Ligand SMILES: O=c1[nH]c(=O)c2[nH]c(=O)[nH]c2[nH]1
């Protein structure tokens, strides 16, 4: 019996690339998940561990980021073709490449120059509790993903021997809003109220110059309470979806806040309740049997 190596390919899966292209004050966003796979004469590494012909998956990832800087990403088909052809042309033992790209679509928030919401992931929710002739209604939304490509800073935090985070005056701020708001009063037009709360959350995220996601959270809740008297209380859970500037200096490229790695974990998780001091008693509005 002889054992042989069958078909194989290898690459970097799911490189999360976000680019910001600026046209004056107007920003254009590209959000891609890029996977590269290379094929060719790769017997040696499988059989003996000789890596002379292995284009490291780390190099493949770096190439994705560097190419995104060197010329506009453009259509995903063109970007995939550029990447795939590069690997095959540049490395003698690489004979084939497969490049998969998913593009995540963002909509501009109400004509805003640099704030966007992600198409498609959001849910509207409600939780109604009935007890002893009373009813409590808590409505909300899940996974309203928003991003602003400027208008966000984070600095002034304490530094100890474990602190490495750089201070910044201009960063991407992105989050997936989970919001719950408790209603009070009667005769509420649920659909209209939901639409308005959602609009206020979006516009406040976009308009509020942010010194921390905590400040943005409070501003979002405060704006809802200021404009919507039927809302007694707003609870927000805001994951800080970090976008890290990619260091392109090893490739002789300057990253002028244009090319980012969109990390999925770990993430900061900023949570808070904003309420009026004269709100109706919450009663059983938030009632659950288990707290896990
Ligand atoms: O808005 C932020 N709040 C934080 O508490 C925090 N912590 C951190 O590392 N980055 C950020 N950003």
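Yeah, the Cβs are placed from backbone N, Cα and C, and that goes for glycine too.
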- Query: Since TrEMBL lists 57, 58, 171, 214, 240 for urate, which candidate among 79, 87, 154, 260 does it give for that site as well?
  - Reply: 154
- Measuring Cα to Cα, tell me the gap between residue 12 (active site, charge relay system) and residue 240 (O2 binding site) in whole angstrom. 25
- Reported as an integer number of Å, what is the Cα distance between residue 154 (5-hydroxyisourate binding site) and residue 242 (active site, charge relay system)? 12
- Neighbour-count leader, CB within 10 A, recorded positions: 57, 214, 240: 240
- Message: To see if you understand the setup: which same-chain residues, six or more apart in sequence, place their Cβ under 8 Å from that of residue 242 (active site, charge relay system)?
- Response: 174, 262, 263, 267, 268
- When you look at 57, 58, 154, 171, 214, 240, which the record names as binding urate, what is the longest CA to CA distance in angstrom? 37
